[in-house]
């Protein structure tokens, strides 16, 4: 054979394929790419007549350089080709990609003893380019390279191109650079291209945090990289990700929030445009300026009000700017002697606000001064003078026959900010002539056997000129059946013609031009006996003496009472405080600590709903479709569009028509609970609708639904790191609930919702009502029904629910996640589950479950609740596993498992199986029965020896049935070992 013709054929076979090379991924950094080098490669060939450098063009007529070797006729070939020195930059792990063609030795005549179909790849590390001469012993072998496809002479004739691509790893390397070498031992091979590269995690932006180009350190662990927030943002939680050895970013934690005045656009925080604003940090869009406000700058925190429009300190930035109201209208006065009722109409313009109130200014006009002056403090306004919310007021205790002016101001929340003149309506009135007020005190100045001298003061409110006084008197024993009236012009009178030693009753009233006033209260005075007469002077002395004696007695009593109360107060003060603390509102709030408040402690459940849940307008909610049915009504998906906010997807629970008050209270009870929580791993309550029908609870929408069904649908499709990330989110949410003092009681994968970003959130806080209709709560105790498969032993036996019982339930959720949604305890009855757990049996580890995670399950299932981990500890454990993923590669060893594990399908009678079909049906894998028909695995004895590779060969390629069959085989092996041996 012509040795110089064969290289040309090899080159032709290779160049046609070189142009169809795919673009390299973005996480690969080339250290060498022979296709990109212009001119000769200049690699060293040893011996010099071995490898030969050939020039050519690809299908795009781009020049490329290749090396080939085709000395297949001679024995003991040892032809070496060494590259130039390649700097490694920052890489520790190097990848070598070879593209080559190789001739099938069978297609070359007379070379069966000398022709080879492989070649060898070597490397040597060096800190500099000093290797002038080739020394074979200095190189370390990487691998022997063989072709997946080799070509023949017929392929060349048909122009069938067979280009091989092989990639090998080198490293870790530590020196500054290295050489590659290729050893030919007798193959007909053409080296079309050599690409040397390393992998990096490329620069990326995640959750508004920038992560730089990162090169993996080694092949065993992830590199934790701290992100930096993009411009105009700040950390909410320190952002970090992990760089894998494959150059992939994993497990994003934390995020950044755009500053006030900036919104998230793409992967950056961009300034709000003119006409838009954002008042606080957060990843929400800038809002359009509300009515009567504007902004002309970028990055506005709020919008400035137009001229004569204002925003009060209590108004949120999203509220429209408003102005003071116009004046009240149509004032009407209704005068009744010394009182007046004022009525008016609402202003035509309320200024755009609902907090309009009215103030009354009263002015007294006329008299000696021609200027009006403020009314005296004696004038009263009913119900009050300022802050009126209704359009009527009654003014009493005015002076009779007096001119008054009343100014009615209309004000609202921004009136104090305006410099414009007051907006008021005025009305002037004159009060009528009125009766005088009653005389309050009548004094006895002198008595005799047949007369009494009386005096009094003018009425406090004469309401005009007093014309005279009417004095009415009669004997007390006559009971007003016969009385006498006399009139006096002054404020004193002497009444004569009375009987000695007789008690008389006196009443006096004043008269003005209007009429008589009301009579005074009744005063009783007694005339003197026949032989006794007291002057007014002596009478005063006697009265002073009596008054002094009475005062001393009263003072003694008061001092005694005060001393007793002071002592009693000191004794009871502590106890009173304790009662106040204990019986306040059914709960105690400590300063600086947010605690859960049980809505059932409220006498009025509606108060709890209004306190913790936001009332939504039903017009802002649109329902798209019904996605399910709940206990009280339908569950829908829809959209919520609040004013000045972006439309969001929501889940909507509705209360069906014809509900009872108890059903409504139970329905809204869950909202009262949810509304108290604010955590990224707790389902967020958007609000409730209670003022219209149907009554609704609106929450954030979780695209992937419940975690258990999601995992069953995506069986074996996630990495362990992704599953641990989900579990970490659940644990973080439960830590938050535990810190608030809330016990969930129904923690299960079916009550965990998962969104499109694989973020898990704890939901379903209506245990007290839901469990009554939950099919998983078929075991009844004294207090109702509880989900047996997820509930701790002490909660089942004593209904003792604590955060420790939630930790037990978390262990079951952990088992559900790692088994991709399998049902805990499978088909065991509730009584069998209770008995097995009480006897110390625990669930076995799921298939391929990391030992660290199964140990965490067992810790959560400690019988003594005090030995179970707290959720804070669980979060810490999962964080450590995420930071050190190599620890998750240790799978639970079947031989090292505890002996007290429950077997899957433990209630199946294995002895009843006679054929493989019976066995597969018994373990719920009957769909595989047809595959095993007619093959060597047709009996139980042979099928018990099947491996995962064997299953793939016969067609069982789906992971779910594979897992069930493997679990069934373990059960069959256990049964076989424990079965008696026939004799």
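In case you wondered, yes, glycine gets a Cβ from its N, Cα and C as well.
Note on Swiss-Prot: of 493-516, 517-540, 541-564, the range annotated with the feature transmembrane segment is 541-564.
Of the residues 390, 620, Swiss-Prot records the annotation N-linked glycosylation site for 390.
Looking up 403, 704 in Swiss-Prot for N-linked glycosylation site, the annotated residue turns out to be 403. Within the model, the domain 'Fibronectin type-III 2' (435-530) shows a mean pLDDT value of 90, rounded to a whole number.
Taking the Cα atom of each, residue 231 (N-linked glycosylation site) and residue 746 (active site, proton acceptor) are about 43 angstrom apart. Straight-line distance linking the Cα atoms of residue 390 (N-linked glycosylation site) and residue 492 (N-linked glycosylation site), rounded to a whole number, equals 48 Å. Secondary structure by DSSP for the domain 'Fibronectin type-III 2' (435-530): 3 helix, 44 strand, 49 coil. In this structure, the glycosylation sites under consideration are 231, 336, 390, 403, 492, and the one with the smallest number of other Cβ atoms within 10 Å of its Cβ is 390.
Look at residue 403 (N-linked glycosylation site): DSSP puts it in a strand. Residue 746 (active site, proton acceptor) has a Cβ environment of 24 other Cβ atoms inside 10 Å. Note on the domain 'Fibronectin type-III 1' (324-434): DSSP counts are 3 helix, 51 strand, 57 coil. In terms of Cα distance, none of the glycosylation sites chosen from 336, 403, 492 sits within 10 Å of residue 746 (active site, proton acceptor). Recorded residues residue 492 (N-linked glycosylation site) and residue 336 (N-linked glycosylation site) have their alpha carbons 31 Å apart, per Cα-Cα distance.
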